[in-house]
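Here is the structure we will look at.
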Amino acid sequence: MEFECQVSTEVSKNLVDCVNNSFGQQGEPNQFNSKLEAENLGISEQTSDSYTEKEKIALSKPTLTKKPNSDSCGSKQFLSSDVVLNSRRSITDLPPALLSEILNFLDPKELGMVSCVSTYLCRLASEHHVWKDFYCERWGNLTVPTSLGSGVSDEMSWKEFFVEREFRSKTFMGRYSIDVMYGHNEAVLTVFLLASAKLIFTAGYDQTVKMWNMEEGLLIASSRSLGCTIRAVAGDTKLLVAGGTDGFIQCWRAVEGFPHLFDIKGPQNQNTEFRLWEHEGPITSLALDLTRIYSGSWDMTVRVWDRLSLKCVKVLRHSDWVWALVPHDRTVASTSGSDVCIWDTSSGRLMTIIHSAHVGNTYSLARNHTGDFLFTGGEDGAIHMYEITSHGLQTNALLVATWVPHSGCVYSLAFEFPWLVSASADGKLALIDVRKLLRTRKHDSGKRFSCVKLVDRSSMEPPQRMLHGFGKNLMSVGIGADRIVCGGDEGVVRIWNFTEALEIERRVCALKAIRLENRMRRRKLHLENSSKGSRNDQCSVAAKKNPVTGDRSGWHSKRALSGKLKS
């Protein structure tokens, strides 16, 4: 994209020419006077009616003209005041398209700082399309929020929604309440939080899948017995899948008009319920995207299924049991014993492998929405963070950070920007804020991506919060905008609800705004009173002067007293 700024360009040329002349003729004497300045630096004052469009523009700009026989100015030559004034340009004088390209390279914090400069930049930065990119980079794709009102533009809505979600992310350090949901007869091995539909799905040793209301913490429905232990559940608003030790993948399609999307408690219906089977061992992990189903098993394979044809399109073979997997775009990361593999699902090529990521098995994986970072948890109680970079056909995994918050195996990880939450066999949950480790860059192609800052791994901060005091062996965890869901050997499902902290934080912000407004009002009144007081002091000093002689009272008496002392 090319941009033209003719005024700034011509002024810059004039400045350069003048500076070059001054440096090229330093040895000549300074013979510059007011008359010569008037002759050499003249601006045409002809009327613009007799010129074409381009000539009007050229004549309206100040130009430096020079007589052929006139003396040159020396090193102390001054520019015309008109040229100097025209050269004092600000960023707001740039074309809006160029300003938009400049703002596209800023991160949210920098855009907020730009918004404080002027009302024009505030409007331009607030309406910038980059806020949608910021939101999708952190929390994934989402339709434009309609709750903000129809009178607000799409770009403005994205900014407000980004600010609201960023504000919500801070509540995990605040006050919470715990809801305990009873319904399972045995240990809960997997939980899945579908925040967009406000639903929670859980399963375990009792061979059933249960659906809960996230807001009220009530059991909505329970499936019939599936005949085996259920170790994995995943879903979206169109499809729910569950996998168990018999190697089958039980699937439910969403029912149009059904109040809770899926009818899991009714009798088997061929239109809404079906099974997939090709695994030869227990299924340990499941995941979905828009077009595919991913399943991992103890038969040492990861299978990729097409959601439309319901056929297995790829088989990714490993050297050990597959405990966890997490897809992103056309890649999928999976565990194989203690190793972590990253595959290209289109070609089935192994892109890279992290050997011996943990001491013992690697049980859990998590990934951010852009796929740049991979989190692993293992049998040694450690949590690793890797940065995934690709250069052509070469893919590398760089270890960025390591935390060891647990004394037992890390069975489950979940990530919701900026929080990474882990569930362990020691009965504790660890919350880690990775915001300080990240910064945003931009590819040459224009696509944004996150990268890590240069940090010392030996001086990493510990987890920002630990939630504990419960039974051993927390097997699975999920995280949403303001809730954390966990299940374990106790056979109950716990929900940590941080909405109370959100309301408290909002009240605190409102009180801060009121205090700031009162402080500014008191300061304004103080300044007004101070200015009135200074005028009153001047009047009192004038009143103390002698009305006849104009001298200050007491001066003559002091002089007479000094004369008596001398005599």
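Note that Cβ sites are derived from N, Cα and C of the backbone, with glycine treated the same way.
Note that this is a predicted model, so its numbers are computed, not measured.
Sequence annotations record features per position, and here TrEMBL assigns compositional bias 'Polar residues' to 528-539.
Marked as compositional bias 'Basic residues' by TrEMBL: 555-567.
For the domain 'F-box' (88-134), the DSSP counts in helix, strand and coil order read 32 helix, 0 strand, 15 coil. If you look up TrEMBL, you'll see 88-134 marked as domain 'F-box'.
For 526-567, the entry in TrEMBL reads region 'Disordered'.
Residues or ranges marked as repeat 'WD' by TrEMBL: 181-222 (among others). Across the repeat 'WD' (181-222), the DSSP tally of helix, strand and coil residues reads 3 helix, 24 strand, 15 coil.
Through the fold, the repeat 'WD' (276-306) approaches residues 229, 231-236, 239, 241-249, 251, 312-327, 332, 334, 336, 343, 345 of its own chain, all at least 6 residues removed from its boundaries and within a Cβ separation under 8 Å. Here TrEMBL flags 276-306 (among others) as repeat 'WD'.
According to TrEMBL, the feature repeat 'WD' maps to 355-390 (among others). Long-range contacts of the repeat 'WD' (355-390) within the same chain: residues 136-140, 321, 323-326, 328-329, 331, 333-335, 337-340, 342, 396-415, 417, 420, 422, 424, 426, 430, 432, 434, 437-438, 449-452, each at least 6 residues beyond the stretch ends and with a Cβ under 8 Å from a Cβ of the stretch.
Residue counts for the repeat 'WD' (355-390) under DSSP, split into helix (H, G, I), strand (E, B) and coil, are 0 helix, 20 strand, 16 coil.
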